[in-house]
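Participant: Just lifted these from Swiss-Prot, have a look:
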type     : residues      : note
DISULFID : Cys141-Cys223 : disulfide bond
CARBOHYD : Asn9          : N-linked glycosylation site
CARBOHYD : Asn22         : N-linked glycosylation site
CARBOHYD : Asn30         : N-linked glycosylation site
CARBOHYD : Asn35         : N-linked glycosylation site
CARBOHYD : Asn39         : N-linked glycosylation site
LIPID    : Cys401        : S-palmitoyl cysteine
TOPO_DOM : 1-64          : topological domain 'Extracellular'
TOPO_DOM : 95-104        : topological domain 'Cytoplasmic'
TOPO_DOM : 132-142       : topological domain 'Extracellular'
TOPO_DOM : 165-184       : topological domain 'Cytoplasmic'
TOPO_DOM : 206-237       : topological domain 'Extracellular'
TOPO_DOM : 262-343       : topological domain 'Cytoplasmic'
TOPO_DOM : 365-379       : topological domain 'Extracellular'
TOPO_DOM : 404-453       : topological domain 'Cytoplasmic'
TRANSMEM : 65-94         : transmembrane segment
TRANSMEM : 105-131       : transmembrane segment
TRANSMEM : 143-164       : transmembrane segment
TRANSMEM : 185-205       : transmembrane segment
TRANSMEM : 238-261       : transmembrane segment
TRANSMEM : 344-364       : transmembrane segment
TRANSMEM : 380-403       : transmembrane segment
Amino acid sequence: MESLRSLSNISALHELLCRYSNLSGTLTWNLSSTNGTHNLTTANWPPWNLNCTPILDRKKPSPSDLNLWVRIVMYSVIFLLSVFGNTLIIIVLVMNKRLRTITNSFLLSLALSDLMVAVLCMPFTLIPNLMENFIFGEVICRAAAYFMGLSVSVSTFNLVAISIERYSAICNPLKSRVWQTRSHAYRVIAATWVLSSIIMIPYLVYNKTVTFPMKDRRVGHQCRLVWPSKQVQQAWYVLLLTILFFIPGVVMIVAYGLISRELYRGIQFEMDLNKEAKAHKNGVSTPTTIPSGDEGDGCYIQVTKRRNTMEMSTLTPSVCTKMDRARINNSEAKLMAKKRVIRMLIVIVAMFFICWMPIFVANTWKAFDELSAFNTLTGAPISFIHLLSYTSACVNPLIYCFMNKRFRKAFLGTFSSCIKPCRNFRDTDEDIAATGASLSKFSYTTVSSLGPA
């Protein structure tokens, strides 16, 4: 009986050691890593020979062909959409002089960083995961990791800059005109690239290729971060979580929240104008909500406004009716545009958290409890988390540019030279704030330029 227990314990230990000896090359962890591994695995592990083939065949089957092809197709679709969308944005913004505005300068920088995310992150994440081996060498390992982190950082900082610029243009239009110039925008963009380049230097220093024994007795390679201590690793991921997710997320929530509040006030203003216009048909004097003379606080006061009957008597009833109808229709169009803007702002904030929160949480979890995170996220979960973060590179062009009517017209004017109406387009009331419109509480007609068409 004792001998049977001993054999059972030996068998369990044998299986455990065989599992740990083959953990390498199965998981991508770091935001900029391309083929991570668990700390328990070393090049000489285990220090004695084990015949693990039967156990591996029985306990650790290879991924199904369906799972493999699903991952390839999803990565390919996101990659193509990101490259195609961001390339089109760069071409349109560079070739069209009418779109060279302050906010569009940030959008151009955002498109460049998103294009880098697609080109530098996705291939060097997918290929090593499929092959379970990093085949590109030490130089590519360091360079790819560095530019991955750089592109993600620049993209995040650009989103923050866009939210601050839009907030200033809408909520503090007079003050923002003093400093909102293209030269100032260029300096901010340059600062985001320089700051991101400095922040991501640890990827150049600590990213290395590490060898490990593969299942077919070949020597494999992983591109991974090798930290001098556990404390340094934890501090690094907490830093990334703070400056690339937590602070940008809070800034975007506050900025777009204040913009939504200002637009809601504009909606109330337009509704009061509609009521006043309809009441005027019956010759009734109604209180009209108008902005106060104080540009700083955004308050509104009630002012009783009576039409001059002598002035109105010079107009025929048919002319008055047409003017009132046009005024009401125009006001309702502005009202709908503002509501679309608010919905779009909610989508922007939601997509930022949906795309980036999982990867930052996974990286921080891995830094503090690597074994637990490894067991939970191995395989499909971590692949999906990385894919979700890369989705932002193809979502940003849709939200910030292709939902803008003026940009769509500029796109057609750039690539459809045979269609004259597309080349000679005019501005509309539904242009986005990226068109550089001067937004003011006193002129709610331009606020609708923030939203999609």
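Positions of Cβ are set from backbone N, Cα and C atoms, glycine also.
Since this is a predicted model, take the numbers as computed values, not measurements.
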Participant: Check the transmembrane segment (105-131) against each of 185-205, 238-261, 344-364, 380-403 and return whichever range has the most CB pairs under 8 Å.
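Facilitator: The listed stretch sharing the most Cβ pairs with the transmembrane segment (105-131) is 380-403.
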Participant: What mean pLDDT score does the topological domain 'Extracellular' (365-379) have in the model?
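Facilitator: Taking every residue in the topological domain 'Extracellular' (365-379) and averaging pLDDT yields 87.
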Participant: Can you work out which residues elsewhere in the same chain, 6+ from the ends of the transmembrane segment (344-364), have a Cβ less than 8 Å from its Cβ atoms?
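Facilitator: Same-chain contacts beyond the ends: 29-31, 156, 159, 163, 237-238, 240-241, 244-245, 248-249, 252-253, 256, 259-260, 373, 377, 382, 385-386, 388-389, 391-392, 395, 399, 403, 450-452.
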Participant: Cα of Cys401 (S-palmitoyl cysteine) to Cα of Cys141 (disulfide bond): how many Å, rounded?
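Facilitator: Cα of Cys401 (S-palmitoyl cysteine) to Cα of Cys141 (disulfide bond) measures 33 Å after rounding.
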Participant: Tally of helix, strand and coil residues over the topological domain 'Cytoplasmic' (165-184) according to DSSP?
Facilitator: 17 helix, 0 strand, 3 coil
Participant: Taking residues 6+ outside the transmembrane segment (238-261), which of them lie with a CB under 8 Å of any CB in it?
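Facilitator: Sequence-distant neighbours of the transmembrane segment (238-261): 31, 152-153, 156-157, 159-160, 163-164, 166-167, 170-171, 199, 341-342, 345-346, 348-349, 352-353, 356-357, 360, 363-364, 367, 450.
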Participant: With DSSP, how much of the topological domain 'Extracellular' (365-379) is helix, how much strand and how much coil, in residues?
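Facilitator: Across the topological domain 'Extracellular' (365-379), the residues distribute as 12 helix, 0 strand, 3 coil.
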Participant: Which numbers of helix, strand and coil residues does DSSP report for the topological domain 'Extracellular' (206-237)?
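Facilitator: When I sort the residues of the topological domain 'Extracellular' (206-237) into the three classes, I find 9 helix, 14 strand, 9 coil.
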Participant: Looking only at the topological domain 'Cytoplasmic' (95-104), how are its residues distributed among DSSP helix, strand and coil?
Facilitator: 7 helix, 0 strand, 3 coil
